[in-house]
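Peer 1: Let me give you the structure first, and then I'll get to my questions.
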Amino acid sequence: MVFLVDHKRSSVEYRVMTENTVVIKLSGKALDGQKELGELFAAAHSSRVVIVHGGGVEVDSLFKDLNLKVEKKNGLRVSPKEHMPFISAALCGMCNKKLQALAVKNGLKAIGMIASDGNSLGVEQLSADLGMVGKVSPVSADYINMLLDGGYTPVIASVAFDSEGQMYNVNADDVASAIGLLLSAPVYFISDVPGVLDKEGKLIPSLNESQLESLIADGTISGGMQVKVKSAVETARFIGKPVYIASFKDPLLKEIVSSRHRLGTAIEL
């Protein structure tokens with residue numbers, strides 16, 4: 001499991017926030033939905049919204065231009081230390097600023113940041129064979145709450161520093177899950193797929209943990225989706241709220257910032 005929650009750590013501060021807080025994780029592919037995301041941001045003016053984003057598509061494109069090898073294990077990018085400057089350039093530079101600019105264009109006071117800014121999340125290496133891939137844990141909601149209280153919208157790239165200043169590539173789904181735990185807020189994973197699909201390619205509206213385990217065991221869920229649903233289960237368990245996996249093309253996307261509308265597949269425990 002990539003996502004860790006250590007409830008015995010005295011430094012971890014869990015804070016129950018108001019009902020109008022929502023965490024939205026956007027995949028790299030979802031970043032292409034300029035029209036849909038613009039409508040989402042325009043609808044977010046009166047809500048406390050935290051945006052977390054990936055950027056695998058942009059990283060892959062940059063690696064191709066630089067003739068760097070792309071390797072993944074169980075849906076996670078192998079990240080040698082020498083690759084980190086390029087990974088961070090794609091995630092913190094290209095993707096983060098692209099999203100921040102779109103948010104500003106649609107009237108939000110957007111602040112670009114990484115997962116460890118303000119001591120929000122802690123990070124440590126996941127495993128040596130993955131290189132500089134980190135696992136995150138929630139530490140303090142203070143910085144993010146300060147931004148939200150001031151009317152700002154955090155736009156968080158999936159990169160983090162540890163206490164020694166070492167940079168890690170972290171899974172954006174896990175970052176969103178950790179932020180959801182910090183804020184006790186519902187989490188939406190938004191990508192280019194409508195949700196969890198069965199073997200016939202049909203959307204499954206809701207799933208519990210045992211159903212997910214069966215779908216993983218029979219191969220229906222694999223790769224990146226397997227990582228995503230495991231993060232969703234972990235988050236749903238601790239915040240006591242459904243976690244949603246949906247598409248940026250869903251016509252009800254913009255409703256999630258005001259009505260917490262159900263989208264895609266709901267992971268419910």
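Including glycine, each Cβ sits where the backbone N, Cα and C put it.
Positions annotated as domain 'Aspartate/glutamate/uridylate kinase' by TrEMBL: 20-247. What TrEMBL lists as site 'Transition state stabilizer' is Lys25, Lys228. For Gly55, Gly56, Arg77, Asn169, the entry in TrEMBL reads substrate binding site.
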Peer 1: So how many other Cβ atoms are close to Arg77 (substrate binding site), meaning within 10 Å of its Cβ?
Peer 2: 20
Peer 1: Quick one: pull the CA-CA distance for Asn169 (substrate binding site) versus Lys228 (site 'Transition state stabilizer'), whole Å only.
Peer 2: 16
Peer 1: Between Arg77 (substrate binding site) and Lys228 (site 'Transition state stabilizer'), what is the CA-CA distance rounded to a whole number of Å?
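Peer 2: About 14 Å separates the two Cα atoms.
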Peer 1: Looking only at Gly55, Gly56, Arg77, Asn169, the residues listed as binding substrate, what is the longest Cα to Cα distance in Å?
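Peer 2: Comparing all Cα pairs, the maximum is 11 Å.
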Peer 1: Any idea what DSSP makes of Arg77 (substrate binding site), helix, strand or coil?
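Peer 2: It is in a strand.
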Peer 1: Here's one to test understanding: among the recorded positions Lys25, Gly55, Gly56, whose C-alpha is closest in space to the C-alpha of Lys228 (site 'Transition state stabilizer')?
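Peer 2: Considering only the listed recorded positions, the nearest one is Lys25.
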Peer 1: What's the CA to CA span in angstrom from Lys25 (site 'Transition state stabilizer') over to Gly55 (substrate binding site)?
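Peer 2: About 11 Å separates the two Cα atoms.
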